[in-house]
Structures are given as structure tokens and as C-alpha cells.
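Q: Below is a structure I'd like to ask you about.
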Amino acid sequence: MEEGGGGVRSLVPGGPVLLVLCGLLEASGGGRALPQLSDDIPFRVNWPGTEFSLPTTGVLYKEDNYVIMTTAHKEKYKCILPLVTSGDEEEEKDYKGPNPRELLEPLFKQSSCSYRIESYWTYEVCHGKHIRQYHEEKETGQKINIHEYYLGNMLAKNLLFEKEREAEEKEKSNEIPTKNIEGQMTPYYPVGMGNGTPCSLKQNRPRSSTVMYICHPESKHEILSVAEVTTCEYEVVILTPLLCSHPKYRFRASPVNDIFCQSLPGSPFKPLTLRQLEQQEEILRVPFRRNKEEDLQSTKEERFPAIHKSIAIGSQPVLTVGTTHISKLTDDQLIKEFLSGSYCFRGGVGWWKYEFCYGKHVHQYHEDKDSGKTSVVVGTWNQEEHIEWAKKNTARAYHLQDDGTQTVRMVSHFYGNGDICDITDKPRQVTVKLKCKESDSPHAVTVYMLEPHSCQYILGVESPVICKILDTADENGLLSLPN
């Protein structure tokens, strides 16, 4: 709990408020049915004293929607509760406007496309037509080479009609599908797309996608996210203002709703026990503030050993990005274990996860509680093959400092002889790029994987720890323990 605006604010929806009302107070309805509080809605308890006026804007209040609360010290309060749900339900019931498909029709008719640009891939959603993922490279002579995958095309009329009919039936039965968007369950309208580029990992079955349109009044049909939910099956979330006129698809913010507990004659404006609790809390805050900065780093490392954050989400070729916080090993020990291959980096978002063991292998895998672990060898280490590769490629890249000196910026290693690729009939192979990364956290590691060509991968590993060993790289980019 914390003080704010003349009242006590709940930091967790429902919980602290109910703790105050139930732990300190005893409720009485005076013969009426007690109003219900929902755990899904955040509340803030205010103690305005004996005289105050109810708000006339925002959430609706009625004088008869209250409970009488009595504390253990016989202090009495009349707590007026907000009416938070009835308005939305009535609006949904009375709605007679266009259905969601009709609301989106202008977007499908005007042949517009939305784009999302990421570090390597660009995603193109042409509404009602197709979803494309592509990367453009300029070759010698300014020739542009395009590497692309279609993640889905508009389904045939009969299949599309079936999906629309299912969506309309769900709407009539109030079963609007929802998706967790930034912690809030948000309604969406689904549009299916199939017949995409064949997927080698699924016996050349075509890629398919579900486009999820959600209401956002200030949006311009932006692509919020692209995610591969299972192998070669994708979810694309589009923000659009067109659905916002439909009450069932409208984005609903979760404002903090005020409860006003008015003291009755003979009672203080705020319960004695609550005031004592706040005084104790204020005393505890002072040493907490003093120790906060000292403990912050160690607390993060001990309590959050593996946090993954996506910065390039979307498809099979853009495989993964992850951030890992390493436990408190000394730098020397960590470097030694990393170079020996005994400390491996693992990460990934979506269906596939990835494992990189320096000087050993790069694996791609999926774990399922029913079918077990499916693993694909992306590449294995062979020093002689790498040295041959280094003769034709840049194994050691430099950065020119302001004083004219050069430092190693990145080293690249070749891992070949992976599992045979269904598309090329050749072994998979991967180039591992190790880079120095400045970070506030000395133990932060970023791992990402790309697939610029079929079954030819790039694995990036960036960390402040690598900064300490890059300058040990020889002409072939091979690393060793620093002196």
C-alpha cells in the first residue's frame, strides 16, 4: 500500500484493498445484498472524512451501492463502491451496427499493406491478400537479390467462408477470442491465411498464419508482432481503429476505481490500525532506500538467472534472440568454462530453442512433455575446416580507435557438418559471430540466430565477457585465455 491523492492506493488489483476491508473491518449490508468486488479490477480506497461529494464524471456511483464497515476498535465507515461493469454489458447487448468483418472491409478493399522492419527481415502484410517475409541484398553491379518466404495467402472462398461463419457464430454466442497483449486479455478478430511457402521441417506443407486484428483507436493498421507459435505456423497481430466502434472488440483500459469510505459520527477519518500500519511502513522505508542501490545488482543476478527477451520475433528463418543473465561466477572462471565448451548458451522464443557450446556444436531443439525432445544439429566444430574457411573469409574484424590503434571488434567461426537439409540435400552449416557488447550488466549475454539462405545460418553472441578475450584472437580468429 502507498499514500496517494488523499487515499491509500492498491498496487495489486483487488488484493490489498480486500486485505484492508476484510482484515481491519467488518462489513454489514443493513439488510441489503452486499455489493461484489472483482479480483480482476484494481481499486483505490479513499478516506475523505465526514463530508464530501461523489464524482460526477467517470465511473458511475450510486448512494445506495455501499457497505457499512466496522473496525475492531468500533470505528464505523460507509464505503461507497463504484458500478464498474453494467454500462459495458448494456452497450454490447444494444449494439446493432456492422459485424467485425464489415468494419474491416475498407481495409481489404483499398489494397493497403502494413510493414514491420526488424534487424534482418522485413514483414509485409497486404490486408486480405498475403503475408510476406523478405530480405533484400545488393550484389555487385547494384543487382538486388531478394530472399523471401510467404507466411500465408488469402484462403480460397469456401475455406474463408467457413472461418468467417465460425467467427460470426462465436460473436453471437459471446465467445470472442482474446489474446494477452502486454498483460491484458484483449479481444481480436481472426483472419486465416494459408498456402504459404512450403516448410521443409513439416514435410513441405505450406506455411500458414492467423492475422489477429485488435482495436486501437490511435493506430494506423500497424503490425504489433509476428510470432511463430508452432513450426511454420504464425500469429500476426495488427492494430486497427476500424474495430473500435464495435463494443465487443473495444480496448478497455483498466483504470483504478475509487472506493470512498466516509467516516460516520464518532469515528476518525481513517481507522487507527491503518494509520499505525502506515507509520510503521514509513519507518521501514528509510533503511530500504539506503540499501536499495547496494542490493539491486546482486538481487537481479540471484533472483533472475534466465530472462529471455525477444528483439527479432517472427518466423523460421529469424530463429531467436535471447538475453541471459549469468550467475555470479568470476570472469576468469566463466571465460575458462566458455572456451572449454562446458558452459553453453541456451535460449530462444517460440517453438524452437537453441544451444551453442563453443568449440563443440550449435543445436536447434524443441521439448515436448508428450513426445520428448526433437533436436537438429545446425553445425559441429572442426578446427581444420574452420581454418580452411578462414582463408577465404574474414575471421577477425577490427575497430579503429580515435588514437589510431586497432582493436578486435568481432571474430567469426565456421561450424559445418550439421544434419542434412531437406531443401538443399546438403549438411547444415552456421557462422558464429562473437562480438564485444558494452552493457550496464557485466554478465548480460545476447544470442541471436538468422537464416539468410536455406539451412545456412548466422549465430551471433554478444557479451561484455567476450570483450576480454577478443584481443587474444589469432589470424584465424581462434581465441585463448587472456594473460
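The backbone N, Cα and C atoms fix where each Cβ goes, and this holds for glycine too.
Look at Swiss-Prot and you will find 1-33 tagged as signal peptide. Residues or ranges marked as domain 'MRH 1' by Swiss-Prot: 111-246. Annotated disulfide bond per Swiss-Prot: Cys113-Cys126, Cys199-Cys232, Cys215-Cys244, Cys344-Cys357, Cys421-Cys455, Cys436-Cys467, in sequence order, evidence recorded as sequence analysis. Marked as N-linked glycosylation site by Swiss-Prot on the basis of sequence analysis: Asn195. Annotation comment: Swiss-Prot describes 342-469 as domain 'MRH 2', evidence class sequence analysis.
Are these features on the surface or tucked inside, and what are their neighbours?
A: For Cys126 (disulfide bond), other Cβ atoms within 10 Å of its Cβ number 16.
In this structure, Asn195 (N-linked glycosylation site) belongs to neither helix nor strand by DSSP; it is coil. Using a 10 Å Cβ-Cβ cutoff, Asn195 (N-linked glycosylation site) registers 16 neighbours.
Classification of Cys232 (disulfide bond) by DSSP places it in coil, neither helical nor stranded. The Cβ of Cys232 (disulfide bond) has 22 neighbouring Cβ atoms from other residues within 10 Å, across all protein chains displayed.
Within 10 Å of the C-beta of Cys244 (disulfide bond) we count 17 further C-beta atoms, all protein chains included.
Broken down with DSSP, the domain 'MRH 2' (342-469) shows 14 helix, 70 strand, 44 coil.
Using a 10 Å Cβ-Cβ cutoff, Cys344 (disulfide bond) registers 15 neighbours.
Cβ contacts within 10 Å of Cys421 (disulfide bond), excluding its own Cβ and spanning all protein chains shown: 16.
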Q: Kindly assign Cys244 (disulfide bond) to one of the three DSSP-derived states: helix, strand or coil.
A: helix
Q: Judged by the number of other CB atoms within 10 angstroms, which among Cys113, Cys199, Cys436, Cys455, Cys467 is the least packed of the disulfide-bonded residues?
A: Cys113
Q: Which state, by DSSP, holds Cys126 (disulfide bond): helix, strand or coil?
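A: In the DSSP reduction, Cys126 (disulfide bond) maps to strand.
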Q: Which one of the disulfide-bonded residues (Cys215, Cys357) has its C-beta surrounded by the most other C-beta atoms within 10 angstroms?
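A: Answer returned by the neighbour count: Cys215.
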